[in-house]
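Novice: The structure is given below, and queries will be raised subsequently.
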Amino acid sequence: MNKKILFIPLVAFLLLAGVFATQLMKNSAGDDPTKLESVLVGKTVPEFRLEDLAEPGKLYDQSIFKGEPLLLNVWATWCPTCYAEHQYLNELAKQGVKIIGLNYKDQRDKATQWLNDLGNPYLISLFDGNGMLGLDLGVYGAPETFLIDANGVIRYRHVGDVNSRNWQETLAPLYEKMLAEAKQ
């Protein structure tokens with residue numbers, strides 16, 4: 001009887017260890033936690049009215065996403081990864097990539113100073129101080145970047161920083177495809 005009681009915790013431990021090992025193997029085999037699906041892919045940007053970051057009172061709505069393909073970059077000064085990606089966004093903007101910034105759950109004065117100090121890659125900088133547009137977009141945190149086509153439809157969501165590797169491998173081909181489609 002004593003041996004059976006000792007055997008039960010051993011079996012439970014081995015089962016848990018097996019589940020844990022399976023999940024580790026699955027993650028190491030290529031499941032990328034930054035590739036989060038978005039229910040908004042294939043849908044238009046949600047309706048909103050937000051102020052310009054630098055010009056309080058100047059309002060924008062979702063119509064700013066129509067006309068040409070662009071990136072919507074969700075960022076904040078409290079986000080260390082946003083700081084790491086910012087220089088690369090400046091480079092992309094210099095190359096002609098159209099980027100709109102969404103300052104997410106931040107302080108306006110800190111965000112404005114950030115852009116003054118580090119450069120401003122954004123055509124428009126939206127201020128989402130309470131995070132409502134971010135919530136509507138399904139943002140988990142910053143940075144996140146959405147590729148939006150000329151019709152205002154979200155085509156791709158990237159979680160994490162934009163850097164030369166993921167730009168060249170994933171984002172640039174999608175952006176170039178959207179540019180080609182917009183010219184047709």
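Glycine too: its Cβ is placed from the backbone N, Cα and C atoms.
Quick caveat, the model's predicted, so the values are computed rather than measured.
OK, Swiss-Prot features for this one:
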- CYS79-CYS82: disulfide bond (DISULFID)
- 39-176: domain 'Thioredoxin' (DOMAIN)
- 1-4: topological domain 'Cytoplasmic' (TOPO_DOM)
- 26-184: topological domain 'Periplasmic' (TOPO_DOM)
- 5-25: transmembrane segment (TRANSMEM)
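Let's see these features in context: how buried, what's close, how far.
Specialist: Counting only same-chain residues six or more apart in sequence, the Cβ atoms lying under 8 angstroms from the Cβ of CYS79 (disulfide bond) belong to GLY141, ALA142, PRO143.
Averaged over the topological domain 'Cytoplasmic' (1-4), the predicted model has a pLDDT of 64.
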